[in-house]
């Protein structure tokens, strides 16, 4: 670990915190329909959209109607993406003449982008046409992020409102999230990325003649065959426009298979820093929005404090683990010097190094982004355990756009309930009595997540002809690959231990179901909880009310997240990355 590395980490989090308050205050104004500086331009566009779609903007929805609208919209857009993938060979903007996407892979991809997971069991350069990338996938990057923001705002309204049966209008919330929040930032961000070297074109792929042709010799049917490659195909495409929303919307699906380690997606250290900041910007801002809309700004900062504690613990552990030398490479100098990074540089880009790779891995899995600038499968066992653990916490450490906040607020309900039990009185949260139904919905939300991850992982491990053939490493690392895949899918993250071959019938179908359940089945109890809170009468604060604006609350919330979230998966982690670390220190490998 170096001073330079810690300085970059410090600059990153300082930039996020500086941007959180102005963006959070702005989003509160947007969703409370107060005046903003973009209104003269966007209000006419908004009204036109409502007129064209027959949306009655002033009519608010019960939580069941809000949920139904969200599900209908998601199902319709998922079907649209599936159809585009299947018939892309007949559509324009396909200069490489790529064929239609196979049915199971198209199903997996459509669910993936609808749920904000962006799991990619395919190589984009050789699978998706430009039209599919733009109309089928990039649009979902906006839609799925806007849905997440809308759901978070609905939950905040549930907390803030008293004796009301409605949570807002889904169509209005989603529209305003796109027009007022996502689009303006993405336009500016895409231009900045282009200035750094991110490409934006509709050209056919470029065939370049290499300076030194490469020869490969292999044995085929008992004969030695030598092939010489004198050209290289360089993929092109409209990358910058998709890269901006990929990061800002915590989507994560790469235009290229190498994702943000590809120089056309993330060419410079500055673009790398800006992409990381954009991942955390809206989730951090939403904690300020929470404080603004509930009338308790200090509560928003207390929630943000818990996120910061968990984030720092993760990035410090990952950075330390990756800066350590591999104990099996006895004959290699792995010490950091002026001319080499030292530590574990396998799977990392030299333009980023260990600090930025560890920071990016932590950020992308704290949020449900899933973009990568280094290969998580090549991390040291404990370094790779950090992104896995971040996902297993439910991705509430900043979390995905919107989804991270409502997931964190479910943990807040549980923490307040536990605090009430400790002092022997009915728990209260910002003027709401927390009763049996609220705790039941919160626990249902929290139980679905580990059941899906551990259930599917167990089936994959116990089926020699389904799950096991796809792992590239036997032993504990193979288990970690499977755990990571189902954690990433259920947590709507999308990153992977890429040594797992996920483009099989079993993984395309099972991971598709995991993504669907992890997104939509968990939303139902969350909205039910929000709807129930909105109907409650206001409970005046007394001396016995547990304060949710203090450092004590932040510590309690962090503790509940660790106990309820992390310890659930400790046995599985013990058989995966922890065991692999111990065996590595003992000189064992697989």
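Even glycines carry a Cβ here, placed using N, Cα and C.
Looking at 301-321, 322-342, 343-363, the stretch flagged in Swiss-Prot as transmembrane segment turns out to be 301-321. Looking up the ranges 382-402, 403-423, 466-486 in Swiss-Prot, the one annotated as transmembrane segment turns out to be 403-423. Within the chain carrying the transmembrane segment (403-423), a Cβ under 8 angstroms from the stretch's Cβ atoms is held by residues 116, 148, 151-152, 155-156, 159, 250, 283, 286-287, 290, 303, 306-307, 367-368, 394-397, 429, 434, 438-439, 442-443, 445-446, 492, 526, 529-530, 544, 546, 548, 553, 556-557, 560-561, 564-565, all 6 or more beyond its ends.
The recorded stretches the transmembrane segment (136-156) and the transmembrane segment (273-293) share 3+ CB pairs below 8 A when only pairs 6 or more apart in sequence are counted, and are therefore in contact.
Scored by C-beta pairs under 8 angstroms, the transmembrane segment (11-31) has its highest count with 178-198, from the stretches 64-84, 178-198, 442-462, 511-531, 552-572. Under 8 Å from some Cβ of the transmembrane segment (64-84) lie the Cβ atoms of residues 91, 106-107, 109-111, 113-115, 131-132, 135-137, 139-140, 143, 147, 150-151, 154, 167-171, 174, 520, 523-524, 527, 531, all in the same chain and six or more residues away from its ends.
The stretches the transmembrane segment (442-462) and the transmembrane segment (273-293) are not in mutual contact, being linked by fewer than three Cβ pairs under 8 Å (pairs 6 or more apart in sequence). The list of residues near the transmembrane segment (511-531) in space but at least 6 beyond its ends in sequence, with Cβ under 8 angstroms from a Cβ of it, reads 62-64, 66-67, 70-71, 74, 107-108, 111-112, 114-117, 119, 121, 151, 154-155, 157-159, 165, 167, 406, 410, 413, 438, 441-442, 444-445, 448-449, 452-453, 456, 485-486, 489-492, 502.
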